[in-house]
Amino acid sequence: MNSSFHLHFLDLGLNTTDGNLSGLSVQNASSLCEDMGIAVEVFLALGLISLLENILVIGAIVRNRNLHTPMYFFVGSLAVADMLVSLSNSWETITIYLLTNKHLVMADASVRHLDNVFDSMICISVVASMCSLLAIAVDRYVTIFCALRYQRIMTGRRSGAIIGGIWAFCASCGTVFIVYYESTYVVICLIAMFLTMLLLMASLYTHMFLLARTHIRRIATLPGHSSVRQRTGVKGAITLAMLLGVFIVCWAPFFLHLILMISCPHNLYCSCFMSHFNMYLILIMCNSVIDPLIYAFRSQEMRKTFKEIVCFQSFRTPCRFPSRY
């Protein structure tokens, strides 16, 4: 186990035999790069905040029928992925704390298996996040460029099948990760998926925003509801751009860590970067905290439902808000 309260995502055979999962290359560079120790309370606080926020998001989607649309179903899938990464990091933090302070005793083999479970949960979470973001992007694309056929294309049953397929694929990825945890190819595949997702999203967004203005002018003569749907689609695309930007900023250091761990594990500069792994985990958890804030900032309907849920739970009575909400 890592003495600074967190496991490395995959030690790839670099861990010591006494159960310490810190890479040898990181230890060799300790004189040059000091590992940034982060208090266990920070991980637990972020995990709790993220968990409560994302439960609120899912509750809002379930409660408000106006949010029963494909886009918000995909947002709900993204919220579940954020919850999963928060739960895994919090659970891992508690386990390491108990082991470090001798409140919990486990055999080395059990520690290794538990480490694989934590890593698998992170793997499932990142794959689910990428797939959910991609699904939202496709939904926004259809909303903007196929506005008149949107209801026929993106039905509730079809969006449910997409979400089911996403999580079945994620579960398969998590299973493969546990079975082949010693193989570097698993990490390479995860990195390739991340880069492929970025390429697909960049291509989709470039095409979407280049044509959006022209397409909006072209349908200006159509009935007002089509124009409203189109403007809503553009607003949703901007929201997705914000979600994607935060995702990249928060997850990129983690994936760079994986790339360096494979390509130059014994290089001192690479080891220096990898020695701050705990900070990259903090960034991942910050992503789970920021996403619900973006939903609330960008969606009046979501914001209104958040207030209703919080007020009802606090006072056990429905709240009434001004019509501007």
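Yeah, the Cβs are placed from backbone N, Cα and C, and that goes for glycine too.
The feature topological domain 'Extracellular' is assigned by Swiss-Prot to 1-37 (among others).
What Swiss-Prot records for ASN2 (among others) is N-linked glycosylation site, and it gives sequence analysis as the kind of evidence.
Annotation comment: Swiss-Prot describes ASN15 (among others) as N-linked glycosylation site, evidence class sequence analysis.
For ASN20 (among others), the entry in Swiss-Prot reads N-linked glycosylation site, with the evidence type sequence analysis.
Annotation source Swiss-Prot lists N-linked glycosylation site at ASN28 (among others), citing sequence analysis.
Within its own chain, the transmembrane segment (38-61) has Cβ neighbours under 8 Å at 4-6, 67-68, 72-73, 75-76, 79-80, 82-83, 85-87, 89-90, 93-94, 96-97, 278-279, 281-282, 285-286, 288-289, 291-293, 295, 302, 305-306, 309-310, counting only residues six or more beyond its boundaries. Annotation source Swiss-Prot lists transmembrane segment at 38-61 (among others).
Positions annotated as topological domain 'Cytoplasmic' by Swiss-Prot: 62-73 (among others). Non-local neighbours of the topological domain 'Cytoplasmic' (62-73) in the same chain are 136, 139-140, 143, 154, 156, 158-160, 163, 236, 301-302, 304-305, 308-309; each lies 6+ residues outside the stretch with a CB under 8 Å from one of its CB atoms.
Annotation source Swiss-Prot lists transmembrane segment at 74-97 (among others), citing sequence analysis.
Per Swiss-Prot, topological domain 'Extracellular' is recorded for 98-114 (among others), and the stated evidence type is sequence analysis.
As annotated by Swiss-Prot, transmembrane segment applies to 115-138 (among others), with the evidence given as sequence analysis. Nonlocal intrachain contacts for the transmembrane segment (115-138), taken as residues 6+ away from its ends with a CB within less than 8 angstroms of a stretch CB, comprise 7, 9-10, 21, 71, 74-75, 77-78, 80-82, 84-85, 87-89, 91-92, 162-163, 166-167, 169-171, 173-175, 177-178, 181, 190, 193-194, 197, 200-201, 204-205, 236-237, 240, 243-244, 247, 251, 284.
Within the topological domain 'Cytoplasmic' (139-155), the DSSP-based counts of helix, strand and coil residues read 14 helix, 0 strand, 3 coil. The topological domain 'Cytoplasmic' annotation in Swiss-Prot covers 139-155 (among others) and is backed by sequence analysis.
Residues annotated as transmembrane segment in Swiss-Prot, with sequence analysis given as evidence: 156-179 (among others). Nonlocal intrachain contacts for the transmembrane segment (156-179), taken as residues 6+ away from its ends with a CB within less than 8 angstroms of a stretch CB, comprise 68, 70, 73-74, 77, 116-117, 119-121, 123-124, 127-128, 131-132, 135, 139, 186, 190.
The feature topological domain 'Extracellular' is assigned by Swiss-Prot to 180-186 (among others).
Beyond its flanks by at least six residues, the transmembrane segment (187-211) meets 9-10, 12, 123, 126-127, 130, 133-134, 137-138, 140-141, 144-145, 173, 237, 241, 244, 248, 251, 255, 258-259, 261-262 of its own chain at Cβ-Cβ distances under 8 Å. Sequence annotations record features per position, and here Swiss-Prot assigns transmembrane segment to 187-211 (among others).
Taken from Swiss-Prot, the feature topological domain 'Cytoplasmic' covers 212-239 (among others).
Sequence annotations record features per position, and here Swiss-Prot assigns transmembrane segment to 240-265 (among others).
Residue environment of CYS311 (S-palmitoyl cysteine) contains 15 other Cβ atoms, counted within 10 Å of its Cβ in all protein chains. Taken through DSSP, the topological domain 'Extracellular' (98-114) splits into 10 helix, 0 strand, 7 coil.
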